[in-house]
Amino acid sequence: MAASYILLLSALLALASSPTMARDPGALQDFCVADNTSDVFVNGLACKDPKLVMAEDFFFSGLDEPRNTTNKVGSNVTLLNASRIPGLNTLGISMARLDFAPYGLNPPHVHPRATEILTVLEGSLYVGFVTSNPDNRLFAKVLTEGDVFVFPQGLVHFQFNHGTRNAVALAALSSQNPGVITIANAVFGSKPAISDDVLAQAFQVDDNTRSTKLLSLLPSPRKDMAASYVLLLAALLALASSPTMARDPGALQDFCVADNTSDVFVNGFVCKDPKLVKAEDFFFSGLDEPRDTTNKVGSNVTLLNASRIPGLNTLGISMARVDYAPFGLNPPHIHPRATEIQTVLEGSLYVGFVTSNPDNRLVTKVVRKGDVFVFPQGLIHFQFNLGAKPAVAVSGLSSQNPGVITIANSVFGSKPAISDDILAKAFQFSGSFPLFTSLNMAAAYALLLAALLALASSPTMARDPGALQDLCVADNTSNVFVNGFVCKDPKLVKAEDFFFSGLDEPRDTTNKVGSNVTLLNASRIPGLNTLGISMARVDYAPFGLNPPHIHPRATEIQTVLEGSLYVGFVTSNPDNRLVTKVVRKGDVFVFPQGLIHFQFNLGAKPAVAVSGLSSQNPGVITIANSVFGSKPAISDDILAKAFQVDKKIIDRIQAHF
């Protein structure tokens, strides 16, 4: 069983990325590594040939190194966006290191495409943001080492080192290219210059006083500099971009029919010349025909995505027919980029999905002809034909390319293989395990695989719902159920709602896997509600493991603060390619949305890392718990069929959860 847990555990790693508030275009494949040599203009960057992708495309080294702050404002921002880490392209997140000289300022500025969550590593900072018109309310706070603060998307904000020593902070931002607009530069340094008449009217000064009054607002080298910038800040508050919920990249014209003959790599497909588009590009014939179900699991999925119907490109949807033999199973699986809605055409099905940790609740239903069932994003799900006759269902999926990850194949069939040390640690297995001595491992893997299939619905690429106002601080006292949290009365909002203290403190790692994750989501920092980002500290004991797992609603970008880690992720079927790297202090690595991933402390000393995640509530699903510890339990008939083993083996495994 321990061995099987290892398998299951690893499987979960893949669901990692649910890019922020979905502003950025959604991923249409496992990754779209930026090709910085391409001359093709797309929204974001063109994709490198997947065959040429390396672990280095998801990696950056040197974030621990101090930067030069000898400039007018006394600060230096090192931004790691898709231009610096090509693997970030389409994943909706980035990271930055901020260095401050004594009394240094990161002047009032706006990120038009990202919310920022920041933690202080050294020193202390006076930080704040200003809400939009007409309130123009300032929220300010002094942060010390280990504190965390959130700056909502599109609002003017600043950070000021009010101490006599250098300060350092680390930030995650909810876009691969957050953008920055420095207020003073934009207003007084535009090219060409904004008309004096316009500025005089805007700042309510006359020709004689304009120069001196405006100059008095510009930064002095010390503390009063921060206050003066706050005034200028208010002027640019309107730049708040809150693009919709973007799942798949949105269509920018009536259609963009996929040109399957093009050699250009983009997120999705290049568009065919509109003059050559025909009705056949939006057409498929034969979905009424039965498919062959003579295989181990007794099912067959016919997926009509943008590869089969070129007109689906950019339209964010696809369709599938699923045929089931008598007692056939569509085993537990994941669609990393889509939610699924299914209706039964013939027969009856026993269907279900399992919620994420810690509840691992099994939600099941028997569905018959004409019934409809929904499998939420990122949750393990399955369908089983209860009857002695064939069954047929049709599904809609919220992506032009939903993808599918078979856990067993990803965990045990990756190329190259995941280290058995990693898997043994993940599944808490050492030495022989009698339970599996009679088990055909290939079959066992198939079972394990099936278990993870259910994390299917990653609707389109939907990140978090977009903010519709400056802030919507979570009201944790409300009994109203909404997507996320009800908003607190804005008049009662305080700086503390965007604040957390103590992220610098070591956590207890005396557990089976030797790791501890401290997640700061909207439950811990209410101000994160609707802002599409969160942060986590991960502590690792010597040789500790953050076992293979899934974040059903978030991509993760991680930097190492102490020690060294062996990290990796596995791509989806059919390649199941393992991408690994050893990362050390100051290194950064990206775990793409929906892919199984892990981190393992290689050393004899503790290790620490900090991650940014592109959802206010990324979620985590531990495969073993979800599959064998769901409440109520998944039927042993289902699991035995999925893993191709005797029910007694399943019963013995379930007894441990």
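From the backbone N, Cα and C atoms, a Cβ is placed for every residue, glycine too.
For reference, TrEMBL has these:
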type: BINDING; residues: Asn106, His111, Glu116; note: oxalate binding site
type: DISULFID; residues: Cys32-Cys47; note: disulfide bond
type: DOMAIN; residues: 61-211; note: domain 'Cupin type-1'
type: DOMAIN; residues: 285-445; note: domain 'Cupin type-1'
type: DOMAIN; residues: 501-651; note: domain 'Cupin type-1'
type: SIGNAL; residues: 1-22; note: signal peptide
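Between the CA atoms of His111 (oxalate binding site) and Cys47 (disulfide bond) there is a gap of 25 Å, rounded to the nearest whole number. Same-chain neighbours of the oxalate site beyond Asn106, His111, Glu116, judged by a C-beta within 8 angstroms of the site's C-beta center, are, in sequence order, Val77, Ala96, His109, Ala114, Leu118, Phe151, His157, Gln159, Ala171, Leu173, Pro178, Val180. Ranked by Cβ neighbours within 10 A across all protein chains shown, the recorded positions Cys32, Glu116 are led by Cys32.
Counting every protein chain shown, 25 other Cβ atoms lie within 10 Å of the Cβ of Cys47 (disulfide bond). Counting every protein chain shown, the number of other Cβ atoms lying within 10 Å of the Cβ of Asn106 (oxalate binding site) is 28. You'll find the Cα of Cys47 (disulfide bond) roughly 26 Å from the Cα of Glu116 (oxalate binding site). Taking the Cα atom of each, Glu116 (oxalate binding site) and Cys32 (disulfide bond) are about 23 angstrom apart. In the three-state DSSP scheme, Asn106 (oxalate binding site) falls into the strand class. Distance between Cα atoms for Cys32 (disulfide bond) and Asn106 (oxalate binding site): 32 Å, as a whole number. Model confidence over the domain 'Cupin type-1' (61-211) is summarised by a mean pLDDT of 80.
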